[in-house]
Amino acid sequence: MNKFLIIDGLNLVRRIYAAIPDENDMDSLTERVSVACTKLLRIHHPTHVTIVWDGDEMSWRKQLYPDYKKGRKPMPEPLAAGLPALQEHLKSVQIQSIYAAAEADDVIATLAMKTAKAQGEAVIVSTDKGFSQLNHPRISQWDHFNQQYLNITELEQKLGVDRSQFLDLLALAGDSGNKIPGIAGIGPKSAAELLRTFRTLAALFSSLPNLGAKQAKKLAEGRDMARLSYKLAQLQIDLPLNINLKDFRVNGPATTPQLD
């Protein structure tokens, strides 16, 4: 069975870079990233590996909602300047890059889902909990910095909803880290309570007459924003990839299928 290790490039590299005392020391960054990747390979024993990078194009989410991820700090100039050399180094040690046009998340999600549907196993290396919406038994998520898999049961308990409701929760309460708005006046706690009662957004919005007037008014006025927020939070899992798995094989090429 194929086991694909999919590394969220900037999620890994920026965290490592932030811990380097001298922001201009790209040699230290390259060394630390190499050590991290070697450790990942040793722990997970994948048949295939790639590291996926964000691109420079404006994402479809930003076009849809200009405030998406507004206020995020830009990449430090030394890191931006040193990234191509780091990517070349990783290539020299058989860790091939995939370059997304805009956000890496959709490419990672698509690659993981296509791998799982082809009866393979996908391990996503990222601290981004947005990947938890990929509800498939052959997809897991590894937190390199805490050296553990994302525990979905703990996350469900923390959020107060089932995994199948994660996107509905974001649609209602939003996500401040990514500037996904949600519905004004509906926080994570009240959103979770509503979803525990009504289970789905559709059932909730069809039951507004059963709610108190104040809350029903908030929900009715925020319905369009909830739809927008759901769309912004939802990962794309059907992008055309047009890659051949043999290019990402660990320890040399082998005859393996193409992922469209």
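Even glycines carry a Cβ here, placed using N, Cα and C.
What Swiss-Prot says about this protein:
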type	residues	note
BINDING	D105	Mg(2+) binding site
DOMAIN	164-254	domain '5'-3' exonuclease'
BINDING	L172, A173, P181, I183, I186	K(+) binding site
REGION	185-190	region 'Interaction with DNA'
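Structure with Swiss-Prot features highlighted.
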{"residue": "D105", "record": "Mg(2+) binding site", "DSSP (3 states)": "helix"}
{"residue": "L172", "record": "K(+) binding site", "DSSP (3 states)": "helix"}
{"residue": "P181", "record": "K(+) binding site", "DSSP (3 states)": "coil"}
{"residue": "I186", "record": "K(+) binding site", "DSSP (3 states)": "coil"}
**Asked** Which one, from the binding-site residues L172, A173, has the smallest tally of other C-beta atoms lying within 10 Å of its C-beta?
**Response** A173
**Tertiary neighbours of P181 (K(+) binding site) (same chain, Cβ under 8 Å, six or more apart)** = Y65, D67, G174, M225, L228, S229
**Asked** With a radius of 8 angstroms around the mean position of the C-beta atoms of L172, A173, P181, I183, I186, what other residues of the same chain does the K(+) site pick up?
**Response** A171, G174, G182, A184, G185, G187, A191, G222, M225, A226, S229
**Asked** Roughly how many Å separate the Cα of I186 (K(+) binding site) from that of D105 (Mg(2+) binding site), to the nearest whole number?
**Response** 26
